[in-house]
Amino acid sequence: MTENAIALGRPDFDVISGWVQPNERVLDLGCGDGSLLKLLIATRGVRGWGIEIDNAGVLKAIGNGINVIQSDLEVGLSGFENGEFDHVVLSRTLQTVRHTQRIIEEMLRVGREAVVSFPNFAYWKNRMAVMAGRMPVSEDLPYQWFDTPNIRFFTIADFDALCAAMRIVVRERMVLDDKGNTVKDEQNFLGSLAVYRLARA
Amino acid sequence: MSTHSVGHASAQSARFDEPLTLKSGAVVPAYELVYETYGTLNAARSNAILICHALSGHHHVAGYSDPERVKETLGWWDNMIGPGKPIDTEKFFVVGLNNLGGCHGSTGPSSPNPASGHPWGADFPLVTVEDWVQAQARLADRLGIDAWAAVVGGSLGGMQALQWTIDLPDRVRHAAVIAAAPKLTAENIAFNDVARQAILTDPDFHGGNFYRHHTKPARGLRLARMLGHITYLSDDQMAEKFGRRLKGEGLAYGFGVEFEIESYLRYQGDKFASWFDANTYLLMTKALDYFDPAHATGGSLAAALARATAKFLVVSFSTDWRFSPARSREIVNALVHNGQDVAYAEIASSFGHDSFLMKDEQYHAIVRAYMNRIAV
């Protein structure tokens, strides 16, 4: 992890940084206070915009000098034209979105590539928690079952299957454990967080 | 943090003797603009903010004009502008003016026409948002301001901020476009025309030359304002504030004031008709109707805004149905399409279009956060 990503506690940010090029146009969906965009602008020289619905997030993002657009994710994308962005990022948010396929399709409509990160529910520690009879709570799943914003529970294998069904090309996939280290083998078992780079076939 | 008033504000006047050719082709031979300023222009002249007013606004934006009647004479955006306020006069030099065609001291239909010595009346040409930007630019020249740190406005004022970024891109670094729209819809124009018809058909209007008859079309102006006022409020807010409450005991079965909303609207209409000029009202509504910066670029707002180099703050309000959030999103989407810098906040507010004048915690925090970012 770079110092920036460590400071933010977001190892997936490093992966995303590696996938964007200077001067690219990046749209971050659910950008919160704009941390990722700020990092990408500072370290990769991208042009960035973010969509955020939450008042506190929008306020912080404006304070951070970010081009934040206050909107619901799906409504927010409908106003953009095809291919307006090089990368459309949805980090750790897909599991909170109701219309999973629609948002992915929209991302790939307005963006050349989509970058998606999500917690892997099949991570061995999560499996252990369920084996022990409790829903998992971890670094990448930091909620109790009763207060989680997550409404879609899926695994790396599940997401691969969805991409295949939707005829979406997985250009790259990075899987991290709960310390932020890269996982090469048995990713669906040893990986806590997955980051995908997707494109239309 | 102190959040006191800018204090006693007094108007100044600038006279311009160079003729101004308007978009219509008409020429205003000479004119005066009244304005107020708050705060101090810094040595680099880089901290100036222009506040553009909406339909019925004017130059008295902040502070009070009469120290004996502070509350009654507060500026129309005093909650936004002052020391420690979202547009902080400790940091910025703020300029408010009355636009050309206004009725608060700037040259307009009620001012004397030098050709006749009588009020211009119907002879005062219609002005557009573009014309205002040109006139405002001359005021900026006079004040020694090459580029505004920001041009800020709500509603019709927001349209002027937008026009500045297109017409004089080098002279505006930031634009705050609040509760505005990139052009009026047919419904918007329809409301404006009903308001105009109320004035134009008032027998006291005398074709716009009512001054020489020592009267004014108060009934028409009152109706126009009542109609306009309805469109500035929200259904929810009216339900909450008035509901079906009656003024008196029970129904009177007549056409007098029965419901509280009737009483409120008539009061607002009367008050407005007592101080506003009917010709200025007509002119302002036409400026709204004509505003359409995308017209020159084949209907593409993005193409029109492509010239802009300013950074934008766009703000809308959830219950504003006159210029709804979707209209602000048109501006935002065009800017994003062009790869331009824009922050957009949609404020949950129950006050309809008038929300932009209200003190709302999130709204003011957003404006404050954006203004804090502006380097001076």
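Note: Cβ is positioned from N, Cα and C throughout, glycine not excepted.
It should be emphasised that the depicted structure is a prediction, and the values quoted were computed from it without experimental measurement.
Features as listed in TrEMBL:
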ACT_SITE  B:SER155  active site, nucleophile
ACT_SITE  B:ASP320  active site
ACT_SITE  B:HIS353  active site
BINDING   B:ARG225, B:ASP354  substrate binding site
DOMAIN    B:47-354  domain 'AB hydrolase-1'
SITE      B:ARG322  site 'Important for acyl-CoA specificity'
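Structure coloured by features recorded in TrEMBL.
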residue  : record                   : contacts (Cβ under 8 Å, 6+ apart)
B:SER155 : active site, nucleophile : B:ALA54, B:LEU55, B:ILE178, B:ALA179, B:ALA180, B:ARG322, B:PHE323, B:HIS353, B:PHE356
B:ARG225 : substrate binding site   : B:ALA195, B:GLN268, B:GLY269, B:PHE272, B:ALA273, B:PHE276, B:TYR281
B:ASP320 : active site              : B:ALA179, B:SER234, B:SER349, B:GLY352, B:HIS353, B:SER355, B:PHE356
B:ASP354 : substrate binding site   : B:TYR232, B:LEU233
Neighbour tally for B:HIS353 (active site), based on other Cβ positions within 10 Å of its Cβ: 24
Rounded mean pLDDT for the residues that make up the domain 'AB hydrolase-1' (B:47-354): 97
DSSP state at B:ASP320 (active site), helix/strand/coil: coil
Collapsed DSSP category at B:SER155 (active site, nucleophile): coil
